Amino acid sequence: QGIFVLGLPYALLHSGYSGLFLIILSAALCCYTGKILIACLYEENEDGQLIRVRDTYEDIANACCKKLSRKLGGIVVNVTQVMELIMTCTLYLVVSGNLLSHSFPYVPVTEKIWSVIAFVTVLPCVFIKTLKIVSKLSQLCSLVHFIIILVVMTYCLTQIHQWSWAKFRLSTEFEDFLVSVGVIIFSYTSQIFLPTLEGYMKNPEEFRCMLNWTHFFACILKTTFALTAFLTWGEETKEVITDNLPSFLQTLVNLWLLTKALLSYPLPFFAATEIVYACISRGHHSNYSSPLFALGVRGSFLLLTLLMAMFIPHFALLMGLTGSVTGAAMTFLLPSLFHLKLKWKKLSFLEKCADISVFILGFLCSLAGIVCSIKGLLEVFG
């Protein structure tokens, strides 16, 4: 459950009843592409048993593109992954600066300085060496997220006397609907992390079951939260729903959101540095395997995210453009394409149709997102 969840009521404002359907459909599609991506890690041996022959998204890509080039697929996937992960880390710093600025408006400090202060709190990330530490931080992040959701929903339930289903619309503007599609779909994305997470599981055979339950509960939570918040504020629903809260609650929730953003930072940071470190150290050079070198890689990435947070103008629009390209590619396009390529002979007709449909849908979502983001950038730059 990411910060995107707080934008779901705004998405419902622009999509109406179709938005509710889209929340459910997105959960099903993202769960499906997660499963087929992990299926690409395995091959059957002579006894018909499934053996894990690949470890990463990169390995899957290389296996699919080996006739063209032995490393081309892996390079494309790694660049795409690192771009999205670094952008995500940068966004957390930008969001942290924004939240601190709104929480302490009387302190004469700019948002950029607040971002630097937030950056200082994530400096210990350079010492994270295993996913176990990241999982503990992510667990705390989930706890904070539920507190935020609970506070917002409790307030909404106190306003139940104002609820009206008449606030829902059937017809929507096409461009507004596309914005909603982006917010809803990308609130579910997790494919980048799945090969690593599955590899670290004590019982990998329970992965599919875990994916089913997590997406089911995510869908229930997102639908309930988006619906109660939208019915409370209707046409006045803001882009980030916490901005609709009364001032005494807003400051408190903003501080919780800040905590969540900072606790969310280690997971994409760890994933990005692991990818880069693995690519660099593949040459088996002794200097590349030293702890000092690993520390240098993580430190460089930390500074890169800070510099991007400080100097990239109109970051939200650039994030939308990057998300439309990398997010759709990693979530829909590549998993379905790789699954078709590696498992074509073993797939049934219906499975092939499902993969092709997901690929087409992902392509259309990506294209629409790119067009909307570029249009927004052109308007901003005049």
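Cβ from N, Cα, C; glycine included.
Now, the feature entries from TrEMBL:
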{"type": "DOMAIN", "residues": "1-374", "note": "domain 'Amino acid transporter transmembrane'"}
{"type": "TRANSMEM", "residues": "20-42", "note": "transmembrane segment"}
{"type": "TRANSMEM", "residues": "75-93", "note": "transmembrane segment"}
{"type": "TRANSMEM", "residues": "113-131", "note": "transmembrane segment"}
{"type": "TRANSMEM", "residues": "143-165", "note": "transmembrane segment"}
{"type": "TRANSMEM", "residues": "177-197", "note": "transmembrane segment"}
{"type": "TRANSMEM", "residues": "209-233", "note": "transmembrane segment"}
{"type": "TRANSMEM", "residues": "253-280", "note": "transmembrane segment"}
{"type": "TRANSMEM", "residues": "292-312", "note": "transmembrane segment"}
{"type": "TRANSMEM", "residues": "318-338", "note": "transmembrane segment"}
{"type": "TRANSMEM", "residues": "358-378", "note": "transmembrane segment"}
Can you name the far-off residues of the same chain, 6+ from the ends of the transmembrane segment (113-131), with a Cβ under 8 Å from a Cβ of it? 93-94, 96-98, 100-101, 196-197, 200, 258, 261-262, 265-266, 269-270, 294-295, 298-299, 302, 305-306, 309-310
Mind checking which residues reach the transmembrane segment (143-165)? Cβ under 8 Å, same chain, six or more beyond either end. 1, 5-6, 221, 224-225, 228-229, 231-232, 234, 241-242, 245-246, 249, 252-253, 256-257, 259-260, 263
Within the same chain, the residues 6 or more beyond the ends of the transmembrane segment (75-93) and with Cβ under 8 Å of it are 57-58, 60-61, 65, 115, 118-119, 122, 192, 261-262, 264-265, 268-269, 271-272, 275-276, 279, 301, 304-306, 308-309, 312, 315, 318-319, 322-323, 325-327, 329-330, 334
Considering only Cβ pairs under 8 Å, which range in 20-42, 177-197, 209-233 makes the most contacts with the transmembrane segment (253-280)? 177-197
Residues of the same chain, at least six outside the transmembrane segment (177-197), with any C-beta under 8 angstroms of its C-beta? 2, 4-5, 7-8, 10-12, 14-15, 18-19, 22-23, 26-27, 29-30, 33-34, 37-38, 41, 54-57, 60, 81, 84-85, 131, 215, 218, 222, 267, 271, 274, 320, 323-324, 327-328, 330-331, 335, 365, 368-369, 372
